[in-house]
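Taken from Swiss-Prot, the feature domain 'Globin' applies to 1-145, supported by sequence analysis. Taken from Swiss-Prot, the feature phosphothreonine applies to T11, supported by similarity to another entry. Per Swiss-Prot, the feature N6-acetyllysine maps to K58, K81; the stated evidence is similarity to another entry. Annotated heme b binding site per Swiss-Prot: H62, H91, in sequence order. Residues or ranges marked as S-nitrosocysteine by Swiss-Prot: C92.
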Amino acid sequence: MLTAEEKAAVTGFWGKVKVDEVGAEALGRLLVVYPWTQRFFEHFGDLSSADAVMNNAKVKAHGKKVLBSFSNGMKHLDDLKGTFAQLSELHCDKLHVBPZBFRXXXXXXXXXXXXHHGSEFTPVLQAZFQKVVAGVANALAHRYH
């Protein structure tokens, strides 16, 4: 999946990420850009507009929770399927999340990382990061296969 150099680059970058800020923005973007994903979060209150979503305290808190899990995955890049096995089971068997939504969440995480880290999030780093988020998305969708 990743070379040793790529692992070092993405884990070094990830160490600088403020998961609360980037997580809030990433989940908010997911819910705004892909509005059908809001069906899983109706209990979060007002999701009626982009502004409402991006300022929703429950969205922000859950975004942090999502990226905390992602951070755990960054520590286990060689065993993403094992690391995300329980979350895969939850999202497949109980929540019935469309596996494509994981890819959409990965795109929102990359956009939020670029928005928060600007020129540091180079195209090369983005390509390396994309390998990780694709691996996480595949691990989360593993239960569907």
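Cβ atoms here come from the backbone N, Cα and C positions, even for glycine.
The distance from the Cα of the residue listed as 'phosphothreonine' to the Cα of K58 (N6-acetyllysine) comes to 27 Å. The average pLDDT computed over the domain 'Globin' (1-145) stands at 94.
DSSP gives C92 (S-nitrosocysteine) a helix state. Applying DSSP to the domain 'Globin' (1-145) sorts its residues as follows: 120 helix, 0 strand, 25 coil. Residue environment of H91 (heme b binding site) contains 21 other Cβ atoms, counted within 10 Å of its Cβ in all protein chains. Fewest Cβ neighbours within 10 Å among the recorded positions H62, K81: that distinction goes to K81. Long-range neighbours of K58 (N6-acetyllysine) (same chain, six or more residues apart, CB within less than 8 Å of its CB): F41, F44, G45.
Counting in whole angstrom, the residue listed as 'S-nitrosocysteine' lies 14 from K81 (N6-acetyllysine) by their C-alpha atoms.
All protein chains included, C92 (S-nitrosocysteine) registers 17 other Cβ atoms within 10 Å of its own Cβ.
For T11 (phosphothreonine), other Cβ atoms within 10 Å of its Cβ number 15. Between the alpha carbons (Cα) of H91 (heme b binding site) and K81 (N6-acetyllysine) lies a span of roughly 14 Å.
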